[in-house]
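Structure first, commentary second.
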């Protein structure tokens, strides 16, 4: 059996029959048809907003528009004279911009006046994954050009609840979004006095950043710190950071680098260095086995539940909305229908009636796929492979070194590696196993996770329990 993965994609327990094996089908038993329609975030969170965060280097970005070219400049200076680095070049044709990114243009001087702008270009290179090619050298004189300057900023989508108490900063796993914490948020707010802030990380959900492909642990950890700073300034409230899978790794990196100075505690859910590193080799195989597109959000929700990715249908109905998006262009290939509902066989109460309509439904599907608006994954996880090692390597030691109370929640004791086993025996962190869960522990068992976290926080006197919640302190 393949090793289980810790990128928020595979179940942390052995696959259910017909669950995650490639090419297998899960047959649902007879019974009432389940509702796979999406549920809005507002049923679980109180507010949603986009938080603006300035770009890393803080430099101004300048745009030079001509009738055919758009130059994007980032200012810098040398000892001799001001100079400009063109960080991107977009060709404008028929009012459409076709990106040549990633592109780097080196510009020695930029002179501008009321009537014209002269750009002296010493060399232009196009940097791609395959080669570095020389394009142009010379001077470009532009008349009647539009020149403007702005400071580029990122926007991070956050969902929040609660008005007082310590802040629970929630970081989701790879491929998911802040909506994966929706059901958990509704539960935890009934257990303890707290505020909840769930963040769409870089490249995920509805967060917009300049370089959404930079998913390095260092960059994402800095992002978390900047979001906290943008929210609270220098007077941040006490914060308990909670992360699942990839988000758990980022939480550890954030804590270790002290990007959140007001950090009270740290909770990591179902991510352990040893098993995660062992499983990375089979990650691409799993990603290739997933459907590439879905006919609808409902179809995506249905797949997530019946494939075992999310075992709690309530959570799937809100969480999957943040994982998929409309395809930019409708796909017209009839063969695409094979990957939309692959691995799913429905059995409803009227099985005989369904059998009679199968042939008709298949014909309708083949016709509709030509014009249907399909949905696909918001992030192509396969392209993030170069960052996987950096997320998890050295994670156990880093986790143990964080100087705050720590909680590790696992779906099974088999996930514990040697370093964490020793650390747990030495009392360096609290651990709790939540059996009968998939890898998405906080989605499959939100009440159990909320109870464990609430007990942890009350035990360390980070907050107070609400009247209807009775803490039961674990032995470890």
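Please read every residue number as a count from 1 along the shown chain.
Cβ atoms here come from the backbone N, Cα and C positions, even for glycine.
A TrEMBL annotation is a machine prediction, not a hand-curated record.
The feature region 'Disordered' is assigned by TrEMBL to 11-31.
As annotated by TrEMBL, domain 'AB hydrolase-1' applies to 168-452.
In three-state terms derived from DSSP, residue 245 (active site) belongs to neither a helical nor a strand segment and is classed as coil. Packing around residue 245 (active site) is summarised by its Cβ count: 32 other Cβ atoms lie within 10 angstroms of its Cβ, all protein chains included. As annotated by TrEMBL, active site applies to 245 (among others).
In the three-state DSSP reading, residue 270 (active site) counts as coil. Here TrEMBL flags 270 (among others) as active site.
DSSP assigns residue 439 (active site) to coil in the three-state reduction, placing it in neither a helix nor a strand. The feature active site is assigned by TrEMBL to 439 (among others).
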Residue 270 (active site) and residue 245 (active site), Cα-Cα, nearest whole angstrom: 6
Packing count at residue 270 (active site) (other Cβ atoms within 10 Å of its Cβ): 27
